[in-house]
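Marked as site 'Discriminates between blocked and unblocked aminoacyl-tRNA' by Swiss-Prot on the basis of sequence analysis: Asn12. Residues annotated as tRNA binding site in Swiss-Prot: Tyr17, Tyr68, Asn70, Asn116. Summarising the annotation, Swiss-Prot assigns active site, proton acceptor to His22 and lists sequence analysis as the type of evidence. For Asp95, the entry in Swiss-Prot reads site 'Stabilizes the basic form of H active site to accept a proton', with the evidence type sequence analysis.
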Amino acid sequence: MAEPVLVVGLGNPGPQYATTRHNAGFMVVDILADRMGEKFKVHKKSGAEVATGRLAGRPVVLAKPRVYMNESGRQVGPLAKFYSVAPADVVIVHDELDIDFGRIRLKAGGGVAGHNGLRSVASALGGNDFQRVRVGIGRPPGHKSGASFVLENFNSVERKEVPTILEQAADATELLVAQGLEPAQNTVHAWG
């Protein structure tokens, strides 16, 4: 049997954060769970919400940490250990300030660019060899701080596009799981 892939959506728990930019990762893994016909349940050993099944023909564990974004590694590390998933088979889905709103980019390794959720995951996994599905949210307007911008809901113009963008991010995640990084990048990055 093939080794599972651990797909983790980053976000903050609680209804007050459910529709914020920082919760794009949660939103994408919710779509993937719906596609798989699976429901999230609390994983007792890690505390995260998990849904298991198959995606693109491979065994997959979807996860949403139930701690604040900056502490995500506290639950991602134990999940990777429990399911015997190597860091290279961990996919983190997250919001990305440094990518224009609506663009999806795939990446493996590299720096965390000030993203504290990624920093926490890298610390828990012993490095940043994991793969990433980066959902572009763009930079805040004017002199607004990135920290406050990511905790805001999408604006009224963005909200019209968000469902399509999240579906594309879910498609990109499926391609990454099915094809591996380079072929998936070639397809996804051609989307614009």
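Glycine residues also receive a Cβ, built from the backbone N, Cα and C atoms like all the rest.
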Out of the recorded positions listed (Asn12, Asn70, Asn116), which are within 10 Å of His22 (active site, proton acceptor), Cα to Cα? Asn12
Near Asn12 (site 'Discriminates between blocked and unblocked aminoacyl-tRNA'), which residues of its chain come within a Cβ-Cβ distance under 8 Å, counting only those 6 or more away in sequence? Thr20, His22, Asn23, Tyr68, Met69, Leu151
What Cα-Cα separation, expressed in whole Å, is found between Asp95 (site 'Stabilizes the basic form of H active site to accept a proton') and Tyr17 (tRNA binding site)? 13
Neighbour count, 10 Å Cβ-Cβ cut-off, for Tyr17 (tRNA binding site): what number do you get? 18
